[in-house]
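What TrEMBL annotates here:
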| type | residues | note |
| --- | --- | --- |
| ACT_SITE | B:HIS37 | active site, proton donor |
| ACT_SITE | B:HIS118 | active site, proton acceptor |
| MOTIF | B:37-40 | motif 'HXTX 1' |
| MOTIF | B:118-121 | motif 'HXTX 2' |
Protein chains: 2
Amino acid sequence: MSQLTYGIAVFPSKKIQDIANSYRMRYDPQYSKIPPHITLKESFTADQQTIDKLTEDLSKIAKETEPFDIEIKKVSSFSPITHTVYLKVEPNDTLSKLNEQMNAEGFPGEQAFSFVPHITISQDLSEDEHSDVYGTLKISSFDLKDTIDRFQLLYQLDDGSWTVYETYKLGE
Amino acid sequence: MSQLTYGIAVFPSKKIQDIANSYRMRYDPQYSKIPPHITLKESFTADQQTIDKLTEDLSKIAKETEPFDIEIKKVSSFSPITHTVYLKVEPNDTLSKLNEQMNAEGFPGEQAFSFVPHITISQDLSEDEHSDVYGTLKISSFDLKDTIDRFQLLYQLDDGSWTVYETYKLGE
């Protein structure tokens, strides 16, 4: 059975996406592949049968989760592990719980790193470029708030871009 | 109340999207702004209150529509109206009815042209470029079939790219 690559993400409000894109268009070669997002579950491969079961599980998770608020105050970096600069989403119990539920026993895929909620704004730059970008951005402070009321299951096309397969509304 | 720009579209199967992208990456400057799609309702602006009402109406339309099959056999062009080349979706009653329902009295937005279901693979080229591309592609024949079981409501970001707001599954 043919397998596709899937991922689960939250798209924040248009305002936050527009701010993230103002950096991404300059500093992120993956900019055009997917809108700005908070990854809830890292990419994994699955066949249609696995996805049919997963969509049921995700509906249940969404139904049991109420919409929640997030806050962004600053930029951070995964350096030296990767040269990824991101809008740091302040620690959030609901995001962590969603991530945990989506990586529980029986779910497809594996999580390589511990969960750090973030919106990538720069990646795949050289060490020097990363230092420049992060040096400039880490002194910025933000006061962004958003209410998250849905998450999305996406699959990847051959060119690396992502298409939304399904939307899950929280509390419904 | 602030307004966003919305649109309603169907994303066909990954296979058809990959084929469309193999042309789009060469012939469509809008390539990276949205995955390959069949537009059901042209872009329109609306405030959140209008969208709240619309999402209810769309849920109802989706529930009353069963999944349906589409077929693609050839490429066509909107020339001389626009230099848009597209994968022609064979006439389809369900697609036409969905388009009609989404443009009925009381729905936001207006439809500028009569509905021709299509997946754009080339646009915004010069007249000469368009003639070259269309001349090459119009002799191709395709035998693509797909079952459509959902449509999506999207909104546009400041950079012109589109983010999915909600997925509506047919028959549910």
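A Cβ is built for glycine as well, from the same backbone N, Cα and C atoms used for every other residue.
For the motif 'HXTX 1' (B:37-40), the predicted model reports an average pLDDT of 98. Within 10 Å of the C-beta of the residue listed as 'active site, proton donor' we count 22 further C-beta atoms, all protein chains included. For the pair the residue listed as 'active site, proton donor' and B:HIS118 (active site, proton acceptor), the Cα-Cα distance reads 8 Å. Shown in sequence order, B:ILE38, B:THR39, B:SER76, B:TYR86, B:LEU87, B:LYS88, B:VAL89 are the residues of the chain, 6+ apart in sequence, with a C-beta less than 8 angstroms from the C-beta of B:HIS118 (active site, proton acceptor).
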